[in-house]
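Student: To start, I am sharing the structure in question, which I have written as structure tokens.
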Amino acid sequence: MTKEPVKGKGKTGNGNEQVLCSFCGRTTHEVNSMVAGPNAFICDRCIKTSYEILRKEISAINPSAKRAQESTFQTRLISPKAIMESLGQYVVGQEIAKKSLAVAVYNHYKRIDSQEWAHDSDEVVIEKSNILLIGPTGTGKTLLAQTLANLLDVPFTIADATSLTEAGYVGDDVETILARLLYASDFNLERTERGIIYVDEIDKIARKSANVSITRDVSGEGVQQALLKILEGSVVGVPPKGGRKHPEQQLININTRNILFICGGAFEGLDKLIARRVSKSSMGFGSKVKNKHTGYDPEILRFVTQDDLHEYGLIPEFIGRLPVISTLDPLDETALRSILVEPKNAIIKQYKKLFEMDGVELEFTDEALDKVVDIAIDRGTGARALRSVLESVMIDIMFELPTLKGVKKCVITADTIENRSEPEFYSGDGKKKKIA
């Protein structure tokens, strides 16, 4: 005999109507909360039970969902040497920056692990090692941060500092950054609180001078002040749907104590500040090492101090929250050529894979690769120019490729890169084909 479902309402001893859970029959006095639906109610206990049942079923079907629910501190701690080797598979050069990042990240997650068992009030408190990366556009700052997050299997998000403003002004507030990290972790709060946030263009929020201004600077010093709270570690109420469009929503509290922040920027002109300071004791220092394409002095940037950053426009409190400072070198012709072909996800390898899916072998002549590098250097945007140069050339070829009959090989020449001339096509027997 089928059991009758419990109704959503019942009668008390004195005849008054009361709310009952439609699943377990408990009254509002027996539970913490009751959620109402069309002609039905469900209590918080039944919601929790239902969630556990669904979680187990989903985990059995989808292993990645189970992994997402597991605590991230169980992830194997990777040594600095192993981190640096892994970074080297994707990032060409920048050995000093890779070593600094490897040590800082290793210490950061070692610090988190130690917090799980260190309860003695006399224990030494290890502070968080947020990182500041200084280097020209297109030198790999974002790629380094992204690769680290992938290697460690932690949530990752990128924020543009230029879009941030103080709360109450048009633009994104700093809580938006944490909301994006929450999305990246599929709303897994524990994974969110151990993720990595990369804040790009951090130099753009420097105030115009080191002197205190009486005018309101909502996208400069004001943003630095707002970022202090989440950089140093605090519990922040984050609106999951975005703060300003949905002010009525319930906040999710995120503790930023164990979130690693990596800030990056070009800091154009910083080398001149350093040179001016250094030249007082060493005349002509660094004058022979300027990069001819970027104007950057890579050697002198390594001597950057907190005072230099303060003079540039970062407030002392903000600088203090970024104890690890590393610089990246401008990319020369050799480095750009290596970036094209050597990393695991090199752009040339990606194009070859795409052509392979169409049954066509793709080849670039050495002269073609040199021409790509020359054009990229002229544009002055580092490695990111490589893709844009190639994309502008390859788009027409990839548009026609699926409909070309009998083509088994495509050779990109220097003339193809420079003048958009037709590449060399070959049939399966090695004969050159002319495509009308």
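Cβ coordinates are placed from backbone N, Cα and C, and glycine is handled just like the others.
The feature domain 'ClpX-type ZB' is assigned by Swiss-Prot to 9-62. Annotation comment: Swiss-Prot describes Cys21, Cys24, Cys43, Cys46 as Zn(2+) binding site, evidence class sequence analysis. The ATP binding site annotation in Swiss-Prot covers Pro136, Thr137, Gly138, Thr139, Gly140, Lys141, Thr142, Leu143, and the record cites sequence analysis as its basis.
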Student: Give me the CA-CA distance between Pro136 (ATP binding site) and Cys43 (Zn(2+) binding site), in Å, as a whole number.
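Tutor: Here the two Cα atoms lie 57 Å apart.
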Student: How would DSSP class Cys43 (Zn(2+) binding site) in three states?
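Tutor: DSSP call for Cys43 (Zn(2+) binding site): strand.
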Student: Write down the Cα-Cα distance for Thr142 (ATP binding site) and Cys24 (Zn(2+) binding site), rounded and given in Å.
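Tutor: Thr142 (ATP binding site) has its Cα 52 Å from the Cα of Cys24 (Zn(2+) binding site).
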Student: Fill in the CA-CA distance, Cys43 (Zn(2+) binding site) to Leu143 (ATP binding site), as an integer in Å.
Tutor: 47
Student: Counting Cβ atoms within 10 Å across all protein chains shown, which of the binding-site residues Thr137, Thr139, Thr142 comes out on top?
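Tutor: Checking each of Thr137, Thr139, Thr142, the winner is Thr139.
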Student: Taking the center of the Cβ atoms of Cys21, Cys24, Cys43, Cys46 at the recorded Zn(2+) site, which other residues in this chain have a Cβ no more than 8 Å from that point?
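Tutor: Here the nearby residues are Ser22, Phe23, Gly25, Arg26, Val31, Met34, Phe41, Ile42, Asp44, Arg45, Ile47.
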Student: Between Gly138 (ATP binding site) and Cys21 (Zn(2+) binding site), how far is it from one CA atom to the other, in Å?
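Tutor: Between the alpha carbons of Gly138 (ATP binding site) and Cys21 (Zn(2+) binding site) there are 59 Å.
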Student: Measuring Cα to Cα, how many angstrom lie between Leu143 (ATP binding site) and Cys21 (Zn(2+) binding site)?
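Tutor: Taking the Cα atoms only, Leu143 (ATP binding site) lies 52 Å from Cys21 (Zn(2+) binding site).
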Student: Between the Cα atoms of Gly140 (ATP binding site) and Cys21 (Zn(2+) binding site), what distance do you get, rounded to the nearest Å?
Tutor: 56
